[in-house]
Structure formats: structure tokens, C-alpha cells
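Step one of this worksheet: look at the structure below.
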Amino acid sequence: MFFDLFRSEGIDIALKWRLIPTKYPKNNDRNFGGKVILPQRVLEDLSNLGVPAPFTFEVSHSNRIYVSHCGVLEFTGKDEEIVVPEWLFQQLEMDQCGLLTVAYKKLIPGKSIELLPHSVDFLEIEDPKKELEKSLVHYQVLTQGDEILCNFKELGPIRFTVNQIHPRFDAIYIVDVDLIVEFLPPIGYEEKLQKEKTVQQFIECAADDAIDNDVPIRMKERGVCFDFTPHK
């Protein structure tokens, strides 16, 4: 493990470690959050320097092309490893880097976020906003532009893009804050509306034709037949 401490005017401003990235097992619930497992040595370094909790971190490739942020679940990992959720492992293309740079970074409390759901199925949840807020308890921080993964009892995993965060920084801290949570129309929502509109127009046209000709309306959608017998 490589450990670096930088000083500016006598104040400690950065703690960095170079760790081997690995990810949680595929079916582990920790994949639906933003917390990592770090070595105990990291906690010792932070404690020895009097760094106060909460502990939040910036994670990046050495070239800093790929950057995100995370909270910490435990300091029980192997001495040279960081264990991350699968979505974060994929997003930062950690399989392409031998060592990941992990830097302590204090983040300001967030005020509001705007998320983009990647599935129209999200709207099938009875109270999507409430369920989304419940899922976010598994995240300590959110980074602008990240594609996080949340798990819902009714539907399973759904991905979200962090479209906006306020205040406008690279990342914000979202624990024990009055956070306003909003979401955009899901990806595919406009196409879904257009499809439903087209189907409705077909039903109306078919109904008018059936009334004129006194015949039942039959529709077949995805292998299921529906009979609509119009009433004069």
C-alpha cells in the first residue's frame, strides 16, 4: 500500500492510498449501494492524523480520466485491496487499471438531486419517489454523472443517472440531510407514451368501424387476444 500525505500551510489536505480494486460477488446486496470495504490500515492512518468521521473518498485511475466518490462500509478488507459495488467497478473500468487511487475527501452536504431512471418500469412502483428515497440510504455520497444501481422489491435492480446535484460540486454527502429527491421521465418514456397513443387510436378506429359493421373488435398484442364488443 502506498500512502501519501500532502501539507499546505501546515494543514493536512490530502490522504491517498493506491489499492488493488475488486468487486462484491454478483448476487451481493452491497452492489446496490455506494459503500466500499477498505483495509484497516486506512482507518489507522485517518485516526492517527485526527481526521474526523464521516469518512468519504474520491476514487480514480492514476490518469484521473475516470473519477467517482464513495462512502465506506467497513475497514476489514485485505491490506492492499478495495472492494467496490459492481456498478462502480464497471463505470470506472477498474479491470483496466492495476491500482486504484483512493483519496480522503470531505464532501459538503447535499440539498437536492435529480435522477434519470433507465427503465419505464420504475413508474410501475406504487410510490416511486418514496421507494427511491428508501434505496438511497445505501449511498453516503452521490457524484454528478454517475450511473448508480438501486434495488426495488417490486421490480428488482434499476439503474439511475445522477443528472444533477445541488450544491453544484463534483459530489455531495447525503446522510442526515434534508435532501430533495426528484426524478426525470425514464429513458423510453416518450416511446412508451407514443406506443400507447397509437394503440388507443387503433382501438378507437376499430371501435368506430365495428359499430358501423356490427362486429366484435379483436386485438392481439404479444400473444394475448382481447375482445371488445361495442355497444350501440
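Numbers run from 1 along the shown chain.
Positions of Cβ are set from backbone N, Cα and C atoms, glycine also.
TrEMBL has this to say about the protein:
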- 16-107: domain 'Ubiquitin fusion degradation protein UFD1 N-terminal subdomain 1' (DOMAIN)
- 110-186: domain 'Ubiquitin fusion degradation protein UFD1 N-terminal subdomain 2' (DOMAIN)
Mean per-residue pLDDT computed across the domain 'Ubiquitin fusion degradation protein UFD1 N-terminal subdomain 2' (110-186): 96
Secondary structure tally of the domain 'Ubiquitin fusion degradation protein UFD1 N-terminal subdomain 2' (110-186) (DSSP, helix then strand then coil): 16 helix, 33 strand, 28 coil
